[in-house]
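Here is what Swiss-Prot says about this protein:
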TRANSMEM  44-64  transmembrane segment
TRANSMEM  84-104  transmembrane segment
TRANSMEM  122-142  transmembrane segment
TRANSMEM  150-169  transmembrane segment
TRANSMEM  179-199  transmembrane segment
TRANSMEM  210-230  transmembrane segment
TRANSMEM  252-272  transmembrane segment
TRANSMEM  306-326  transmembrane segment
TRANSMEM  329-349  transmembrane segment
TRANSMEM  354-374  transmembrane segment
Amino acid sequence: MGHNQPMQSSNPQEHFVQIALDIEHRLTTPISLTSDSNQRRNQWVTIIICTILAVTGQCIARLLENYYFLHKNLSRRRGILTQTLLQVVGFPILLLPFLLHFLIKKQKQLLIFSGETSLKHLAITYSILCIYMFCQAFFSDVRNQIPYRVFTLTYTTQLLFTLIFSKYYNDIKFNRWTFISLILAVLAGAFTLYTFSAGSPIYGKKSYGYGIINVAFGAAIFFSLLLCIIRKVFEELISFCNTSTNRKQPSFVVVLEMIIFLSLVVTIILVAAVLISGEHHDMKKEMETFTKGDIAYVRTMVGQAVAWQIYWVGIVGLVFAVSAVFSNVISVCTWPIVSLLVAFLYNTHDHFDVFRGIALGAAALSVSCYIYIIHKEKSDDDDQSTS
């Protein structure tokens, strides 16, 4: 979970990016108390901003994905690797803030990829992300071959997997509020099963087998494992900075570093897969046959790439600032919002019903419970530091 550590910099402009994760018992001088108060406030601001980014990014990406499938004339089976590639190929937009940080701070080396974190965990992170992306590609192909309610119930299991992996990899302690939050998040995801798919248009019902369901389980497992391994890398970096006398606590820029380098490697692999499979020939055909025109096609693809990067900054930022569990809760609790927006924009005859209301209410309560957990932990830390 996210914790507090004294700030190493006195520049007020650095408060947003300087998010400490570890707790140490400090002397309760007026200066330290003021610093802790500012640090807590800035961490809350960061959590709020990352939550907004995660929700906004996922909503825009799914809406544009729906728009893409509604107006393409080619077979749905075409372009599955391309759609997966869009989730990572937009990373160059993060290079500008990343490089500006290095220029302004005059930083000479990377933090995560400079040998200060375990190469084993970095290798696992790369492997898990690659497997997850290919699962997403196959999952995109078979999603509508199973009833949407089956898909939703299967995919919400990622919350359970995140809970298990966080306990094993991150050694997180849970309380009753954690389980209440997760139960409400599962309900939020489960009650969207009575609505249509929030990521692509509905197709006719088809027979499905256990192999297809296993693909959905695989995507859920690897996404959960990915978040927990990323958290483990961040924890190792924090531990290194704590034991090193000449190292400041890592700032939010490590989130950009993590996303950029992971996306770079996966992009290269997926581009190679697209070229080998011949999907790059389909892109020109899709552009020519797109019912809204080639300009709309390009805007849709670019918009998805940018939206996914916004989503990843929010999700990985929440992993850095809080935990993998909270990050996944936010991801799942966005589904009812996406479902409502899709109904409003693409299916106007589909009215707001009791199931959508329950899903939205459960999502709001789930997030509120976890925010209460964070607030309570910080209050307990304050009591310990003043005692």
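Glycine too: its Cβ is placed from the backbone N, Cα and C atoms.
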With the cut-off at Cβ under 8 Å and a gap of six or more residues from its ends, the chain residues touching the transmembrane segment (84-104) are 17, 61, 133-134, 136-137, 140, 251, 253, 256-257, 259-260, 262-264, 266-267, 270-271, 274, 301, 304-306, 308-309, 312-313
Practice problem: Establish whether the number of Cβ pairs under 8 Å between the transmembrane segment (210-230) and the transmembrane segment (306-326) reaches at least three, counting only pairs separated by 6 or more residues. | Solution: yes
Outside the transmembrane segment (329-349), at least 6 residues beyond either end, the same-chain residues with a Cβ under 8 Å of its Cβ set are 51, 54-55, 58-59, 62-63, 66-67, 70, 152, 156, 158-159, 181-182, 185-186, 188-189, 191-192, 195-196, 198-199, 201, 314-315, 318, 356, 359-360, 362-364, 366-367, 370
Maximum Cβ pairs under 8 Å to the transmembrane segment (306-326) among 150-169, 252-272, 354-374 is reached by 252-272
